[in-house]
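First comes the structure, then the notes that go with it.
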Amino acid sequence: MGNWAVNEGLSIFVILVWLGLNVFLFVWYYRVYDIPPKFFYTRKLLGSALALARAPAACLNFNCMLILLPVCRNLLSFLRGSSACCSTRVRRQLDRNLTFHKMVAWMIALHSAIHTIAHLFNVEWCVNARVNNSDPYSVALSELGDRQNESYLNFARKRIKNPEGGLYLAVTLLAGITGVVITLCLILIITSSTKTIRRSYFEVFWYTHHLFVIFFIGLAIHGAERIVRGQTAESLAVHNITVCEQKISEWGKIKECPIPQFAGNPPMTWKWIVGPMFLYLCERLVRFWRSQQKVVITKVVTHPFKTIELQMKKKGFKMEVGQYIFVKCPKVSKLEWHPFTLTSAPEEDFFSIHIRIVGDWTEGLFNACGCDKQEFQDAWKLPKIAVDGPFGTASEDVFSYEVVMLVGAGIGVTPFASILKSVWYKYCNNATNLKLKKIYFYWLCRDTHAFEWFADLLQLLESQMQERNNAGFLSYNIYLTGWDESQANHFAVHHDEEKDVITGLKQKTLYGRPNWDNEFKTIASQHPNTRIGVFLCGPEALAETLSKQSISNSESGPRGVHFIFNKENF
């Protein structure tokens, strides 16, 4: 239990608090509409669907308040960089912002479904009561408001039978119109956010996500007509429901039972969402201001395996290891921003990203930079680039540990390029205050060509550590996870050579996948009583494996070895 608490305790606590608040709001508002006399006659008309519609509405307000906060990148980056505000454990929660964003989105979808279904029943009962297709009590309540000095309870004012009556309400009432619009927006946003769409059709994901603007506008005005009505306090004072509920035919005729008066509650949703919407507006203004700052591409390097490197400069740009930026190329798309990890080190006088060509946008950037041509491309012909960032990630905390495990899969190695470069520069400058004493680096890749662009950096580090008699500082293991029979024969022939046939490094390439249980146990035995940072940039399946290994190989109690798992999310 102690092992689990070290890695996941705070995360689970945050989730439980969030779930608890959802349960509290649901139960509280269910009782508000299901018990008090204010809504007695409304319950007579609508039944239990009244409370079942209003309770999830309160939860929707709460979650719609939260949904924008995890995507305020500049706010999170500010909090992350404030040591007075955020400890390492709190920063790890900020690094899971997108996970929380998705959880809140699914909660919004759940409560939207309950809210919508309950209101469909409400509409049916209101329309039926209006056309005398219901019990006499509901019909009598529905006739309130037809005469002068009366306020209505039933929001269906026209005598139109179902299903036409329900459709009429959907297209004439503000609540109906906005309800249809925001539900359609929500469906499009969620369905376009699947992993398949994001990876293969990012443009679809990007554009449909901006329907959130329409969603929030519709949400803010959804309740403006106040069609869910309850008895007013003044009416309750003179109209005692205990006495009058069975004397509906005598309402307005006897002194003790005047005709009840009804009114809707003032809209509340805007009060929940105005703060986050203001913060997000500030976020977008900061992004726009940054996008207008001049960025100069100083070099474009074409690497094997359809990977390009962009080296850039921007006035006032400051970065830390492992951070990422958003990039827009107006020549390719005037609206799309794409995230890329910085592969340069803070000590360098430029910042760089490595981009693998896998989609329409990256293909367009590849062509815009002239990488599809054989001849040299003049600098003035390179496209204009807009950059937003940098933004913090889990990898920023790598220098907070004495021992770290860095695990990259495929192009997921890019955050660690920045870290390893920075380590190299620190050793070149004889850094004496470096807390980090040992790096275990693992790189898993399917194709041999993918190793080529990264091998030079590893060779520099390898030689640097040997020159300074600190060869044990960096232990790296490169795994080739895909090969054919001819490659295997070639590797076997050259196995006894001094340097690896693929990378040119002294450390030989390994084939297959690591035995993570053995790796963790070996590292734990070599570093007792140590907090070891485990940093991954790779697929979810590998993240699940490493997270479980971090928990199972950590010792309970404050002392002993503890593996702290961190994963890149952007």
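Cβ coordinates come from backbone N, Cα and C, glycine included.
Under the heading topological domain 'Cytoplasmic', Swiss-Prot lists 2-9 (among others).
Annotated transmembrane segment per Swiss-Prot: 10-36 (among others), in sequence order.
Look at Swiss-Prot and you will find 47-72 (among others) tagged as transmembrane segment, backed by experimental evidence.
The annotation domain 'Ferric oxidoreductase' is assigned in Swiss-Prot to 54-286.
As annotated by Swiss-Prot, topological domain 'Cytoplasmic' applies to 73-95 (among others), with the evidence given as experimental evidence.
What Swiss-Prot records for 96-130 (among others) is transmembrane segment. Within the chain carrying the transmembrane segment (96-130), a Cβ under 8 angstroms from the stretch's Cβ atoms is held by residues 11, 14-15, 18, 22, 45-47, 49-50, 52-53, 55-57, 59-60, 63-64, 66-67, 70-71, 76, 138-139, 141-142, 154-162, 165-166, 169-170, 179, 183, 186, 189-190, 193, 569-570, all 6 or more beyond its ends.
Cβ neighbour count for Arg226 (heme b 2 binding site) (all protein chains, 10 Å cutoff from its Cβ): 15. Positions annotated as heme b 2 binding site by Swiss-Prot: His115, His222, Arg226, Ile227, Met268.
In three-state terms derived from DSSP, Asn132 (N-linked glycosylation site) belongs to neither a helical nor a strand segment and is classed as coil. The Cβ of Asn132 (N-linked glycosylation site) has Val139 as same-chain neighbours under 8 Å, each 6 or more residues away in sequence. Residues or ranges marked as N-linked glycosylation site by Swiss-Prot: Asn132 (among others).
Sequence annotations record features per position, and here Swiss-Prot assigns N-linked glycosylation site to Asn149 (among others). Annotation for Asn149 (N-linked glycosylation site): same-chain Cβ neighbours under 8 Å, separated by at least 6 residues, are Ile259.
Annotated transmembrane segment per Swiss-Prot: 164-194 (among others), in sequence order.
Here Swiss-Prot flags 195-203 (among others) as topological domain 'Cytoplasmic'. DSSP labels the residues of the topological domain 'Cytoplasmic' (195-203) in these numbers: 8 helix, 0 strand, 1 coil.
When Cβ-Cβ distances below 8 Å are used as the criterion, the transmembrane segment (204-222) is approached by residues 60, 64, 174-175, 178-179, 181-182, 185-186, 188-189, 192-193, 197-198, 267, 269-270, 273, 277, 335-337 of the same chain, each at least six residues removed from its ends. Per Swiss-Prot, the feature transmembrane segment maps to 204-222 (among others); the stated evidence is experimental evidence.
DSSP assigns Asn240 (N-linked glycosylation site) to coil in the three-state reduction, outside any helix or strand. If you look up Swiss-Prot, you'll see Asn240 (among others) marked as N-linked glycosylation site.
Sequence annotations record features per position, and here Swiss-Prot assigns transmembrane segment to 268-285 (among others). Remote same-chain partners of the transmembrane segment (268-285), defined as residues 6 or more beyond its termini with a Cβ less than 8 Å from a stretch Cβ, comprise 60-62, 64-69, 71-75, 216, 219-220, 222-223.
The topological domain 'Cytoplasmic' feature in Swiss-Prot is assigned to 286-570 (among others).
The domain 'FAD-binding FR-type' annotation in Swiss-Prot covers 287-397 and rests on sequence analysis.
Per DSSP, the domain 'FAD-binding FR-type' (287-397) is made up of 21 helix, 39 strand, 51 coil.
When secondary structure is read from DSSP and collapsed to three states, Ile411 (NADPH binding site) falls in the helix class. Here the candidates are the recorded positions Asn240, Ile411, Arg446, Thr481, Arg513, and by Cα distance the one nearest Arg226 (heme b 2 binding site) turns out to be Asn240. Per-residue pLDDT, averaged over the domain 'Ferric oxidoreductase' (54-286), rounds to 87. Neighbour list (Thr481 (NADPH binding site), Cβ cut-off 8 Å, at least 6 residues apart, same chain): Leu444, Cys445, Arg446, Gly512, Arg513. Residues 333, 336, 338, 359-361 of the same chain lie 6+ residues outside the topological domain 'Cytoplasmic' (195-203) yet bring a C-beta within less than 8 angstroms of a C-beta in it. Taking a C-beta cut-off of under 8 Å and a sequence gap of six or more, Ile227 (heme b 2 binding site) has these contacts in its own chain: Phe155, Leu173, Ala175, Gly264.
Here the C-alpha separation of Met268 (heme b 2 binding site) and Ile411 (NADPH binding site) works out to 47 Å.
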